[in-house]
Amino acid sequence: MGRKKKLPTGVSSGVSHASSAPKSVGGCCVPLGLPQPLLLEEKKFLLAVERGDMPNVRRILQKALRHQHININCMDPLGRRALTLAIDNENLEMVELLVVMGVETKDALLHAINAEFVEAVELLLEHEELIYKEGEPYSWQKVDINTAMFAPDITPLMLAAHKNNFEILRILLDRGAAVPVPHDIRCGCEECVRLTAEDSLRHSLSRVNIYRALCSPSLICLTSNDPIITAFQLSWELRNLALTEQECKSEYMDLRRQCQKFAVDLLDQTRTSNELAIILNYDPQMSSYEPGDRMSLTRLVQAISYKQKKFVAHSNIQQLLSSIWYDGLPGFRRKSIVDKVICIAQVAVLFPLYCLIYMCAPNCRTGQLMRKPFMKFLIHASSYLFFLFILILVSQRADDDFVRIFGTTRMKKELAEQELRQRGQTPSKLELIVVMYVIGFVWEEVQEIFAVGMKSYLRNMWNFIDFLRNSLYVSVMCLRAFAYIQQATEIARDPQMAYIPREKWHDFDPQLIAEGLFAAANVFSALKLVHLFSINPHLGPLQISLGRMVIDIVKFFFIYTLVLFAFACGLNQLLWYFAALEKSKCYVLPGGEADWGSHGDSCMKWRRFGNLFESSQSLFWASFGMVGLDDFELSGIKSYTRFWGLLMFGSYSVINVIVLLNLLIAMMSNSYAMIDEHSDTEWKFARTKLWMSYFEDSATLPPPFNVLPSVKWVIRIFRKSSKTIDRQRSKKRKEQEQFSEYDNIMRSLVWRYVAAMHRKFENNPVSEDDINEVKSEINTMRYEMLEIFENSGMDVSSANKKERQPRPRRIKVWERRLMKGFQVAPVQNGCELDAFGNVNGQGEMQEIKVESIPSKPAKETAKERFQRVARTVLLQSTTHKWNVVLRAAKDSQIGRCTKNERKSLQNLGRAIEEAKRLIMLNPGCPSGRESPIRIEFEDEKTSTLLELLNQISAEISDSEKPKIRPIWRPPLKTVPARAMAANNTRSLTAPELKISRKSSPAPTPTPTPGVSHTALSQFRNRELPLCPSKLIANSAPSAPTAPPKKSAPTAPTPTYKPTTHAPFSVEGGNRENTRASDGVRSDNSNFDIHVVDLDEKGGHLGRDNVSDISSIASTSPQRPKHRN
């Protein structure tokens, strides 16, 4: 055979795992790209890396690089490579060794970042910089997408941001790494269109990953000059994304909460009022804040605009706002309730006097007091309460009652004449006061729009109520003016028109319409009073809940209206004719007037279902019990029609009354529960918005005093230009100083935040990962010490006498899966059936296989074509496949073993029979003796079975020859020839079960060219791991009269096909059959495992028979030396 072709990845073509077709192992079909079955040497390699065995890893890599017999870039069943295992264990020396020895890094950099292994990240970044070529993808981009642990769009910087690791982010940013800028979700550029067309899911997830990186607190701290405003903007942008892209709403909302929490955490680091004031008043467009100046609170206004409720409700900010709110009234919060009520009542009664004083002398003491936020609030609230009082007087016609009680005789006569003259009346004195208030309200809203802008104005829901209220009042004023002109014209033509009673007016007379709009405006005016409840801690949460419930009512109204309209259409179509009959009975008077006296019932019933609008009204009032079954007793109605009408009405009552109304109640209860859960935050946020409206430099005078000219208004006109010039000069002079001061404070906050994060991390309790890390470091140090001692000529065999170290459950599970050949692939459920429906013609399952669909032959008859089509349809049917599985399982609860497991099953049976036979040889053997054989790194089932059989054999041997003391043989230790002879003699009478390498009786090895005699003599009797099959087949003792077994034949050269590779089937061959040129030799069940060491010239020095997989972790074989 010629030499095998070497692949670029360091794997020979004969053992390449990247085959052109999926491989099937143990009934599993492994798809392309997924981890392929491993060779035994590859399993040993991964196991040595996981346990930190540097010497053996170094030897395996050297041998692999010279002979190309294994794939050093192999993966375990879960897709983890050697570098990944070393990174998970945070073994920097192992990572350096693997990188230096040429192991492909693949996505190891991402794994190191994910594990937050900073040293490995630095090493892998340097390695990536060395091997990267311009125009080619990076190492982590070359990983197969089927086995990649990370999404293709993930970059090192993005992953570090996801982990929020400040140190790794700093390293990457210092190197010039950058996070890609996300496109707008509505972006229509060529790149976005192409990515969406290729894979819309991947494009959407890529946007989520980018925003997850951008929301990292550490990344914001490192890249933003103003982390607080950056967090605000990201939070608001994520809110818009959540509303636009509903599919990823939960992810975006989680990121939004993360940004909000980061802003609050930064705010936690403020320590003085000066720091807090500078942060909240920073505005690049205005002059810097100085202690004692009026606070603009620009940052707080932005927080309210971005709805940062937790930031606004923070205790630091609330304390500062409280001090500003009650400025000018020292000690007010410490007063008793009675004193507070007296103080507020005094301001409420004297508010006109305060307003007049401010209009005349705005800079006096009283004028300065009125500019304080709390006093301004009390003045405005008192003025609004007085307006509501005027509305009550107008609605009750109090001016007429006052004339009747306190008026003179002439005034009473004029009042009587006005009552008779109902048309063409001018507004009363109280109505004129209302007009002045309305003008003041409109002017106040106009000033607010100019001050804050239209967008900010529309964000406040209470402004909508103000706008609606003002619109209604203005409409009333216009209609009253139009009605007065119209009526005055009519009276001028006919004076008797002024005495027409109101019941004779037209239905849509302008004055009647104005009165209706005036009543609606009064309702909104009274509701605006709820806004003042935000000040009170008890009524504030109720006011917020009311706002949420209004939103629920609006959402519920759409469904309710749909159901109402549907049933109204049906009932109107069914009962319109009979309603028309009732209407004809009602309107029987001359002129088409309704006869309410004689036919009052008909006049009521026809309106119920006379048209679509009346039907809708009837169903609406039916929700409140205002419509009954009597309304269906119409003239001439038939029983069938009446039945269908009642059935539809009953269905509407069930759906709308029982279901939908209860749904509305549940929605409102849920809204209140949400507010109650966060009542403190919600109330403080609502109260802060109310406070901020009085902190602003808005109109100090309330309506209607704000429309009257004052001294301050005149002074402001003449000083406007000079103030503008002073402000610009101040801005230019202090802009740099302001930025420097704010920047220093923000850096201090960031430093404190990072330091607090590190302290919190250091104070975390010790976890299981920390303990495992310590164990791994101790294990690695043990292997290094053993190698040093062995290279120094010391005997380290006694190190193997130590009992097996307990391993974490995670490591046990990983080792079991690795050695068992575990694969993440579906099992093919199918089998070959004979004509009688038996599996493989034997009535039992040998191996589950999928029968292939028959191919079309070159020439076939019509009959053959029909048979082929019918068989294809049968094989593709689900029923056939399920029946195949059922026949294969034979109605068994556990199924049958596969072909690869049959030999293990037979060996288990033989082991049970052999144990019984050994016990029957000497039933009185003592108990409690332990086996001198130690099996390491086997699965629990195999280790327990071997230990049990060894104990039985040892007890029988000790009971028959008590004077002969058994020799304990540690693993990887040379067994003397004299001990072997004693054992062979003992096996003739009472066989002792040993698990060791089979060798010829001759103690002296036969010279072999190219093989170190010293190495063979030193390691010829090292114990090898055996599975139960090899134990029974080769090492189990037989009866005294049974003929001795022949030695095992020499194993052929391996082909390394995973389909014939059986893990755990390891057996030592005869010494004369070993060759230094063979690394591993195997057949279906036997292996000879060797680790070849090379001298400096590349020649063979010797061959170490590694005992088992445990030798990698328990000790390191010494490099054999030449003997003279």
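Cβ coordinates are placed from backbone N, Cα and C, and glycine is handled just like the others.
Small disclaimer: the values here were computed from a predicted structure and weren't measured.
Swiss-Prot lists 1-340 (among others) with the feature topological domain 'Cytoplasmic'.
The region 'Disordered' annotation in Swiss-Prot covers 1-24 (among others).
According to Swiss-Prot, the feature compositional bias 'Low complexity' maps to 10-21 (among others).
Annotated repeat 'ANK 1' per Swiss-Prot: 40-69, in sequence order.
Residues of the same chain lying 6 or more positions beyond the ends of the repeat 'ANK 2' (78-107) and with a Cβ under 8 Å from any Cβ of it are 9-10, 34-35, 45-46, 49-50, 52, 54, 57-58, 61-62, 65, 72, 115, 117, 119-120, 123-124, 127-128, 139-140, 142-143, 147-150, 773, 776, 780, 817, 824. Positions annotated as repeat 'ANK 2' by Swiss-Prot: 78-107.
Model confidence over the repeat 'ANK 3' (152-181) is summarised by a mean pLDDT of 91. Residues annotated as repeat 'ANK 3' in Swiss-Prot: 152-181.
With a threshold of 8 Å between CB atoms, the same-chain residues lying at least 6 positions outside the topological domain 'Extracellular' (362-373) that come near it are 324-325, 327-329, 354-355, 379, 691, 694-695, 700, 710-712. Taken from Swiss-Prot, the feature topological domain 'Extracellular' applies to 362-373 (among others), supported by sequence analysis.
DSSP assignment over the topological domain 'Cytoplasmic' (395-431) gives 25 helix, 0 strand, 12 coil. The topological domain 'Cytoplasmic' annotation in Swiss-Prot covers 395-431 (among others).
As annotated by Swiss-Prot, topological domain 'Extracellular' applies to 453-512 (among others).
Per Swiss-Prot, topological domain 'Cytoplasmic' is recorded for 534-548 (among others), and the stated evidence type is sequence analysis. Counting residues 6+ beyond its ends, the topological domain 'Cytoplasmic' (534-548) has Cβ neighbours under 8 Å at 377, 461, 671-672, 674-676, 679, 682-683, 686-687, 689-690 in the same chain.
Residues annotated as topological domain 'Extracellular' in Swiss-Prot: 570-645 (among others).
What Swiss-Prot lists as topological domain 'Cytoplasmic' is 667-1124 (among others), and the listing cites sequence analysis.
Residues or ranges marked as region 'Calmodulin-binding 2' in Swiss-Prot: 853-895.
Here Swiss-Prot flags 978-1013 (among others) as region 'Disordered'.
Taken from Swiss-Prot, the feature region 'Disordered' applies to 1031-1124 (among others).
Taken from Swiss-Prot, the feature compositional bias 'Low complexity' covers 1035-1063 (among others).
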Beyond the flanks of the topological domain 'Cytoplasmic' (395-431) by at least 6 residues, Cβ under 8 Å: 480, 484, 487-488, 490-491, 497-502, 511, 522
